[in-house]
C-alpha cells in the first residue's frame, strides 16, 4: 500500500488470497472504500484505484461520485479530465456527478465543456443528465441557458420542472417562476410539494398574495399540512406579503418548527418594522434551544439597528464569533449597518476590515455610516479606496457620498460627485440625491443657490426637498425663502407639526415674535398636534421607552433625576428655550414642559442607571429640538459623559460640550 498505509481490516482476507486483483472484486472494494466508509479523506480509496491497471468508466464513476459527495469537487473534475485524456468512454452515470461538481464550484466554463461532451456522446436526450445540466446552469447564474435546455427536452418529468423552478428562485427570477407554474398547470402537468415550496418563495418575494392563498387552500384541501417544509414556506410567504397575523397563526399551529420557520417569522416582523416583536420572538427561539442561522442573524441585526439596541446586537456578534459562523458579505454588511446605526462607527469599520470579501453594499453601508456619524472626511476616503479597488458605486453609495460632503461643507466636491453620477456611471439622480444637494447648499448658507437648484430640477420636488430647504432657512434665519418653502409645502400636502415649528423658529430667530406666535396658533387652530416624542434607551438587554411628559412610568425616580440634572446644567449656563414647549402649555408650565421632553428623561435615566463615564445611547423618533440639543451639550460636559443620540435625521455625538453635527441638523 502507498505511504506505508495499513490496509483496512476488511481488505486483508482479499490480499491473502490475492482476490483483490479480480476486476469484479476490486470494483466492489473500491466502492466500499470510496463511498461507504465514513472517513473524510479519500486516501484509502485512491490507493485501491491506483492499483487498477486500466480503470474502466465504472471505476472512474465511483471515484467522481465519491469526490463530489465528500465535498472535493475540484478533484472530481480532474478525474473527469483524466477519463477524457485516457479515452475512457463516458456513460450516463459519469455526467450527473461531474455536473454537480461544476455546480458546487460555480464552474460555468467547465460546465459548458461537459455539456459539449454530453451532446458529442449522444446523451442529450437522457432525462437524468439533462436535469442535472439544468441545475448546473441555474446554479452558475446561466438561467437563460438552463431554460433553453429545459425547453429542448423531448420529455420533461417532475424533476426537470422542479430543477427549473429552483433555478429561477435561486437566481431571483421570481416572475419567471410564477409564469412557469401557470404554464405547468395549463399543460396539466402534476406538481408536488417541492414545486409548491419554490413557487411559494417566488410569490412571497413578489408579494403575490393571491397565488399564495391559492397554494394555501390547495395544501389544506389535499392534506399536505403535515409537510414541514411546505408549511414553513407558507409561513414565509404570508410574512413576506405582510400578512403577519396569518403567518403567526400558522406558525403557532406547527407541531415541529425548525430554524427556517423561526427565521421566516423573525424576518417577517423585521421587514414590517415590528422590531420589538421580532426580538421577542428571537428570545423565544433561544428558549426553544434552536440555533439561529445566517438569515435569523441578519434579521435580528436589522431590528437592533432600527431600535438602536446596542447590547442585543453585540450579543449577536459575540454569538457569531463563538459559533465560528462564516462572516459572509450579507452577514458582515448587516453588522456594519447595525454598528453604524447604533453610533459605534469604529466597530463598524473594524467589521468591514475583517470581512474576507466585500461588495458594493458593504462599502456603501460603511460610507453611509461614516457620513451619518459626522465623519465625512473618512467617508470620502473610503469612497476613494472603493474606486481604487475597481468597485463601481450604485445610487445608494452616492447618497452616502453626498451626505459626507454635506457634513464636511464640501460644496464644489458635492457638485462634482452629483454630476459624475450620470456622466461616469450612467446613474440618473433620484429625488434623494437632489435632496442631498439642497442640504449641501443649505448647510453652506447658500440658501438662494439651493432655492434656484430646486427650481431647475427635472421633476417636481417633493415635500422632503422643501422641508430640507426650510430647515436651512431656520439655521440661517432666511425668512423670505422660508415662507416660500412653506407655500410650496401647503400646495403639496397638509403641513405637519414640524413645518409649523420650523417656520415659527425662523420668525423667532429674527425677533418677529408676533409672527412666531401666529404660526403656533394656526397650528393649534387647525387641530394639528405635534407627534409625541418617544425616546428609547437599552440597558442590560432591556429596552426602556420614554414619552414626553408621560407620568405612567413604573420608575418614578427618573423625574427626580431629571430635575436634579436640570439644576446642575443651569448652574453651568443652561437657559431653557421655552419656545420648544408644546403650544397648549400655559406660560408658567412651559419650562417644566421642555424639561420633560423624552430625550431628557432618557438621558436622566441613563445617568442614574449606568456607571460614571459610561456612554449613554438614545434613539428618538423625531428630530431633536433646539432646547434638548443645547441641554445635551452641557450635560456631556457637566457629567463628563459621551451621549450618542440618534434622531429622525442623523446622529448627534455629544462630547465635552460640543456636538458632531456642529449645531446644524
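Glycine too: its Cβ is placed from the backbone N, Cα and C atoms.
Source: prediction; values computed, not measured.
Residues or ranges marked as domain 'DYW' by TrEMBL: 573-665. Among the features that TrEMBL reports, repeat 'PPR' is placed at 56-90, 126-156, 157-191, 227-257, 258-292, 359-393, 394-429, 496-530.
Here the repeat 'PPR' (359-393) is broken down by DSSP into helix, strand and coil counts: 26 helix, 0 strand, 9 coil. If you look at the repeat 'PPR' (359-393), the same-chain residues 6 or more away from its ends with a CB under 8 A from one of its CBs are 329, 332-333, 336-337, 339-341, 343, 345, 348-349, 352, 399-401, 403-408, 410, 413, 425, 427, 650-651, 653, 660-661. The residues of the repeat 'PPR' (394-429), classed with DSSP into helix (H, G, I), strand (E, B) and coil, number 29 helix, 0 strand, 7 coil.
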